[in-house]
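Feature annotations, courtesy of TrEMBL:
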- 5-201: domain 'CYTH' (DOMAIN)
- 7, 9, 145, 157, 159: Mg(2+) binding site (BINDING)
- 11, 55, 57, 65, 125, 157, 193: substrate binding site (BINDING)
């Protein structure tokens, strides 16, 4: 994925007929894949508390999700996804208030920044793409990922990638329209895999995020990474 794209997404709870409905709507199955995601943070979850989600995907490298612009309310999230390691390191240093680490590899700064593994799990994914009827052929296709984590949680995600903030409202309209066609209730929210992992296996960390987010959205309404991220 190109550096600096804005990911606009909405998570939902898929049902047994979701894939069949995607086919009816003209969706194409791109691939099925299994991968492991490992997430990193400080012991105090300083990154997650700042709505930043650092992940290493097996055979795919590092990704840091950073919050997009606020102001559009609803059951969706908006993130900038950083994948170039020097850019990730620079953003990590900014968020964590560290100087003088340069712009090296992410792995090289984990120790100096106090970052450690906080979650790791395997996901089976089926990835779909489709264009809504009436959409401009030049407009990017919507993606729908249907995930099942190895700890028994299944979640879907409708996603659009845009280059500028001005494109976000149009992307949201398409995401909500497709969600409706898939039978997703208008205000349904679904937790990200990482949040459910923390809730089940690191409840104290999950509670810490709840407390931090008590004055805004609950943490389950932010990404997974897979984040919170997808």
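We count from 1, first residue shown onward.
Cβ coordinates are placed from backbone N, Cα and C, and glycine is handled just like the others.
Location within the structure of each feature annotated in TrEMBL.
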{"residue": "7", "record": "Mg(2+) binding site", "contacts (Cβ under 8 Å, 6+ apart)": "65, 68, 78, 79, 80, 81, 159, 160, 161"}
{"residue": "57", "record": "substrate binding site", "contacts (Cβ under 8 Å, 6+ apart)": "35, 36, 37, 63"}
{"residue": "125", "record": "substrate binding site", "contacts (Cβ under 8 Å, 6+ apart)": "32, 33, 34, 35, 145, 146, 147, 148"}
Rounded to the nearest angstrom, how far is the Cα of residue 9 (Mg(2+) binding site) from the Cα of residue 193 (substrate binding site)?
14
Counting Cβ neighbours within 10 Å across all chains shown, tell me which of the binding-site residues 55, 65, 193 comes out on top.
193
Neighbour tally for residue 11 (substrate binding site), based on other Cβ positions within 10 Å of its Cβ:
33
9, 157, 159 as binding-site residues, winner by CB count within 10 A:
157
With every protein chain in view, what's the tally of Cβ atoms within 10 Å of the Cβ of residue 145 (Mg(2+) binding site), excluding that atom itself?
21
